[in-house]
Every structure is written in structure tokens, then in C-alpha cells.
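Report on one structure; see the data block that follows.
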């Protein structure tokens, strides 16, 4: 806490030794402030201070902490009986009937003693821990406020000061405008100063950055105290401290100004609601700040993105390619197939050598490879030998699947890894699966018919399929609302679907029936995604959490909580040890599957995030949102390293080519754009210094990186997929103009 009631604010001008939460505004209850002004004219403690001391003494007595009682009484200068007498006298004038009780006194104390060690659970600390549980407690922080008629004066004074400082400091200090504006407005509303709150909003609301306009539209509708109690976004803003990254020089300017003006009201808000991350170095420019601003709670704290992340790929299992396979070309030289196999190592994204940044093979339990999985790996290797190497001079062909007459409302699309099946989720709660190859979809025969099959025959897998059920389309019924997310398992035996009904369903692609309904989310589930190794999957929804599941567990294994709004998209890292989530709070978080910790927070988008894609080598992440921009992130350093501008609408699809050289983006603006991802990553150099300051200068080279723009007639792009040979598949529902 930062203020002593009716006392002078302490604005300690001493230099901090490291960038921490600002704690130099804490006042000293038993002495004088740093500026030399005593708390009272005679230096004696005020009545409220004395009440606090007596309440603590009574609490210690009741818990039989006699040594602590003696020490506190001696340091406070109280006699043996003075504490009980003062307690009786101080409680008499309150009129609440509880003045003589230490608990009631403690409940009225909102300012902890500066003499208390930081790791001691003071009453205010306990209160902060419980804030999220009780809405009234959360909002009560706005009850301590100054003269409402002076709010415009306070804010105008700070605004005039910031606009008068040197240009190099102005951009950084201007970050204070938005969080201060919001908290001052909420204080006025909470304390029933409706007319003054309206005047404050009208005068300064237009000064805020354009990317906060959606939040301000919500804020302007909160005009009464009753409105505040049911607003989740407001509670999140109140309970999560807004993070500002400011250079030490700019911070010292701000502190000196507030100290000279005795502007306690603004300083209280800074201390209570803001986290100022101070760094040593040159102040950042306006463009640098804007590139990372825009999220609901400000920028990410730098220490969050310094955790070690094992972004390397797991070692590939040893699988020999049979040389006498029928699919091989007729070759007499034994070296030919071997040459193909080695070619896979250079073309594929995974290597047999252990990546130094890779996690341990057994860091998380992964499913063992079945014979069918090994056979699929062999097929994958053969496909890789025929893969087209993409580059700016050799762009991929694009095959677009348009859903015509999709009156059901297409809401989700996914392809299998081998590009043989296509699934669509619809607003009428159905899931439809198509075969995009000549091979039709068949169900497994009934149990009685299976008993008649020779299980030892070589073609038993063909014999168990019922030819009478063969068709190009299968419809899956079971959900009770629109289907928003789809994901095929790597072995193509299962399909996941997530829905508005709050469930995730696992479907068998052998019987085309629902095997399991996973219930854990309380609200719509916006997305789900299978692990690259199968078995695990992740889901995210309106309840603002992502959940990690295993197919054989009906309860989630991990709950990833931290986002301040809906989790709209989820993706597994290629090594399956991490999960990325995008949210409408305009942040991306990377979670460790092993322990559930958040190891990266990326800010920079100006709208809800709807698409994520990891590069095949696991080092980079691409994200797309409603702001029409694709942002590129270095996972190891925790930094934004690229910004791709060109789309004019929400980006719902992102996909890297199989070798990682091309990034494809699909948008609601009916276009597919191809970007040179290798050049984007190579043009930016990250070193220890840039990682320490938390920012890399971003080159404005979107046009140089754009390799091609491809328009559909009137079909928004919902999904993108690269085949194993690097043909790009796109899908979306045709919309009549």
C-alpha cells in the first residue's frame, strides 16, 4: 500500500537496485516520511495508527505470543496497561459496537506498517489474496479516494507534464495515461460521482490510444456503482496489475514530478494498480512501445519470459525403410533407397541427432510407437523424398476446398496429416467427415460378422471393413451446439470436436461413433488440438482456461489458468512438451505440460487472437488476430521478432510449410498470403543484450517478405494445411455476395 491516511506520501528518491514492483511509496507509521514531514504536527501517532498498534497487540496476546507483545510494546513506547486503556478509548467513538475487539479493529485497518517484514502476512496481504473471491472486496479498493472535483486537475497536471518532457521520455511516460484514466474513472463511479465521472470520461476518453477503443466502449457503459459488481472484465483489470516497461531515467522524472506536486492521488493508483518494470538503458521509441502494447493488462513482465524453454525436437526413433517395398521404383542398386532415407533427414524438420535445446526423451510420458505408427513413419519418409523444396522462386500450388451451400454454417475445418480426410464442424451441431481421395469411408463390420473373419489372414484389416457402408461422407451426431474446434489424431483413427455445449468429444473413425464425451469446461469450448504424438490433447474455452487431457482419462490432467478472457485457440509444440494458447485478452501464453506453469507471455496484438502455428523446428511461433497482423515470436528468447502486415480482416488460419521456409496465412478478407519465413527469421538477430532489454528493433519489411497474394471469389479462408509434399490446401465456406 502506498498511503497513510491524512498523511504525507513518501516519495523516496533513492535509486532502486533492480527493476521490481515499486515499493518505495510505503509510509512509515512510527516515524516521518522521506521528505522530512512528520505524520502529525507533534510527531505522535494518529488515533488510527494507535488503533492499529493496539489491535495487533491484542491479536498477539490472544495467540500467546508474549515475547512479540513485549517487543512491540517497547518499540511503540506503550506502557504495560496503556494498550488496553487506549483500546477501550479508541473504540468508543466508532459507533459500530466492535471497537473493543481486535478483530474488528484489524478489519478496519487497510494500511500495513512499513516496519513489518515483506514476507509477513499482514492483514492487507491477506486481503489482496482474497480479492478475487469476493467482488465487493475487489471494488472496495476504490473507496479511498480524494476530492472528486480535483480528478480532472490531477490528470490534466500529469498530462501537461508528460507533454512537456523531452521526446525521448514522452513516449514511455504516455503509457501511464490509459491505466490511470481507467482507475480514476472507476473510483469516481464507485463513489457515486456519476456526473463527474461522465465529465472526466468525455474530457480525456478521446486521448487514449486507438487500440484501447473496444475496452473504452465497455467502460463508458459503466456509469453506476451497481454496474461494476457484475462485470468480469472490470474485475480482471482491477485484480491484475497493469504492467508498464519504463527506463530508469523516465521513471525518475515521473517520481520527481509527483513528489514536487504532492500528487498523492495518482501515486496511490500507481502503487496499488500498476507494476512498473524499470530497465537500465535508452528509453524506447513510440513505435517500439506500440509494437508490444495493446493487451488487457499491459506488457508482459520480463522475468516471465526468462524461464528456460526446451524448444528443440525430440530424437526420431530408429526405423528402417524396407528396400523391397512395392511402392519403390524398380531399382537394382541397393544404394538408391538408402539415399532416399538420408534425404529425409535433410528435408524433414526432425533430425536423428539430439538437439541441445530438446527436452529429455522421457520428460513427459509419451505413447509407444505401435506397428501401424512405424508403418506410417515409413510412408512419411517416402513422401518426404518426393517433397518439393519451397523458396521465393518456387512457391507451392494451392488447392482450395470451397464448401458450397453450407447453410448449416461452417465453423471449423481440419485435415489429416496425410491429407486423406477432411472434417467440417457446423453450427447445426454436426461434424461431417469427407474422404478427399478415391478411397471411400467404411465402417467396421458388426461383431457377429467379425467372428467369421480369419484373423490370421494378411488382409485382415481390409476384411473387417464393411463395403456396404462405403461412402464419401459420414455425419457425426452428438453435440448440443455449434462445433467450434476439430482435430484429427496423428494415426487418423480418431477425431476430436469441441462445441458450444461445453464438451469435447472423441470420435472413432473406424465405427464413426462417439467414444467419449469429456466434460470439464463450464462454457463453450472454442478450440481443441491433438498432440503430435497422439494420446494427449488440449482444449480452451469461454471459461478462460485451457485444459490438458489424455484420451483414456475423463478428467483433465492439467488446467492452465492465467488468461483474463476467453481462450480462443490452442496448439501443441512439435515436441509435445508445451502448449500455446491465444486469447481475447490479446495475449499468447506458452504453458509447460510437465508442471502446468506459464513460461512465456507474448503481447503485441491489438485484437483477439484466433490462429497459432509453430515452425517445424520448434524455435518460432506465428500468431494471427482480428487486427489483421501476423506476429512472429522467438520462443527461446521470449521476444517478438517480426510483424507481417497485409491482411485487412481477421486471420483464422496459419501454417508453416513442411520444411519451414514458407508461412501461409488465411483471412476473412478472402485471401491466402505466402510469406518468406526464412528471411523473416534471419533478418532479425537476437543476442543477450536485446533479450535483457526485452525488445528487438523490428524491420518494417512486410512487402519484402510477402511472396504472393491469392484471392478467392467470395470464400473466407478458415483453414490451411500443407501436404507431405508441400502442396497447400485451403478450405472455407463460400458466401454469396
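Glycine residues also receive a Cβ, built from the backbone N, Cα and C atoms like all the rest.
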Kindly point out the range from 223-271, 272-320, 321-369, 370-418 that TrEMBL annotates with region 'Disordered'. 321-369
Of the residue ranges 76-104, 105-133, which one carries the region 'Disordered' annotation in TrEMBL? 76-104
Residues from the same chain, set at least six apart from the ends of the repeat 'WD' (602-635), whose C-beta lies under 8 A from its own: 211, 214, 291-295, 298-300, 309, 311-313, 349-350, 565-566, 568-575, 580-584, 586-590, 641-656, 658-660, 663, 665, 667, 669, 675, 677, 680-681, 684, 686, 696
